[in-house]
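Annotated features, as they stand in TrEMBL:
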DOMAIN    135-393  domain 'Ion transport'
TRANSMEM  134-158  transmembrane segment
TRANSMEM  192-210  transmembrane segment
TRANSMEM  231-251  transmembrane segment
TRANSMEM  257-275  transmembrane segment
TRANSMEM  296-318  transmembrane segment
TRANSMEM  359-381  transmembrane segment
Amino acid sequence: IGNTVLHILVLQPNKTFACHMYSLILSYDRNKEGPGSLELIPNNEGLTPFKLAGVEGNTVMFQYLMQKRKHNLWSFGPLTTVLYDLTEIDSWAEDQSFLELIVSTKKREARQILDLTPVKELVSLKWNMYGRPYFCFLALFYILYMVCFTMCCVYRPLKPRTGNKTSGRDNTIYVQKMLQESYMTYEDELRLVGELITVIGAVVILILEIPDILRVGAAKYFGQTILGGPFHIIVITYACMILVTMVMRLTSTTGEVVPMSFALVLGWCNVMYFARGFQMLGPFTIMIQKMIFGDLMRFCWLMAVVILGFASAFYIIFQTENPENLGQFYNYPMSLFTTFELFLTIIDGPANYDVDLPFMYSVVYFAFAIIATLLMLNLLIAMMGDTHWRVAHERDELWRAQVVATTVMLERKLPRCLWPRSGICGREYGLGDRWYLRVQDRVDPNKHKMMRYTEAFKTQDRDNYDKDLEKLEIDRNMLYKKELSALSLSRSTSRTSSHRGWEILRRNT
């Protein structure tokens, strides 16, 4: 019952009352230390009161709980050295990491905890000592891996075509070699080494990604932008395309260019994932993801309707014309592709001035230019501009969340020998087996003085404002004259309050 009450207090809107009641309940706890403590009992979702405060973004309760866990080592003047207990905070030995819970929650208030002590210092320590070097090395290794795969695709086994052309528009001169013909020369053996590296890399990607999917869940793993959800979809699809290409090569099946092309596009797009390691580029990856899965996905439905309608109209108009003179609409799939290019203004309106164009083509193209180019494209630009404005206000906050998510990911995937535990063991200070983070804090006395000056201004203005309201309530019957006198009185009192505030500043300085 006591543990349930603690969880309820974390969710209370009255933070001061909740903190007092929290202390009162813990004062009756018999097992204040050890696994039997009320603070260490999780709820049905596996969250202790401390983790629940982080997930809900309750910064007041989080700071209150952290103040209970800290130990002052020494203080000298404005300098103070404090040991913060890292139990439930450090992700090194936690199955359900506190840092991962914060970055995976949908509440923006929870990300503000990443800027509080000692979470900010812990993340900075992990990222600067281990996270950034490992992440940069991983980015370099992945780029070299993609260069190797690209070279294997560029020099894939091809041979001249021996069959006859089936139509005048057939432009194929090379075809894919069979498996027995693909590995005969020294260049083929060198390419085989690169292909083996590519396949091994795809298998390693699947081995690393699948356990996280099973642990977190597919919806949460792929749906969280901060955790890199779309990039996880990209890299898993890329690995599957590599394996499909390998099977088609081994079985001498024609058409390996399809999965190979998809793999090249997806593999190089995944390089943008490593931009999160840099403060200048990290927020832009979030911006691109929000634009693609927010603005662009909604816009594509409207674009598909417009393209289908006008492409069908263009195909019907040119159905009776000679395709050799106007080949952009010679069949329905080509009409769809040409209309898509016209929609994005990649090409101009196709017209051959040596022949007569149908009259309806000019009418339909005029309507298409007004709707697609002037209306819908400007609508898309406005939607993306609004998304850019919203993300720009959260730039630093989003980048810190990306750093935390990347740090937790690297910490889970790397061996323990490459990522030692951060902090100081409590046995060195006689505090048991728990781990602590030493933080040096500097208290600025001038800051507290300025806070007192600000409060002096606020209290005087608030008192004068209350007096004015009382006088206005008393003199409600004489509206015009009393309002003028009240306004003049408020001006005089505001001057006197400002004068008193400046006198306080001059006297103290």
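Using N, Cα and C of the backbone, Cβ positions are placed for all residues, glycine too.
Tertiary proximity for the transmembrane segment (134-158) is limited to same-chain residues at least six positions away from its ends with a CB under 8 Å from its CB atoms, namely 174-177, 181-183, 187-188, 191, 194-195, 197-198, 201, 242, 256, 260, 263-264, 267-268, 270-271, 274, 277, 406, 410, 414, 418. When averaged over the domain 'Ion transport' (135-393), pLDDT in the model lands at 83. It is 231-251 that, among the stretches 192-210, 231-251, 296-318, 359-381, forms the most Cβ pairs under 8 Å with the transmembrane segment (257-275).
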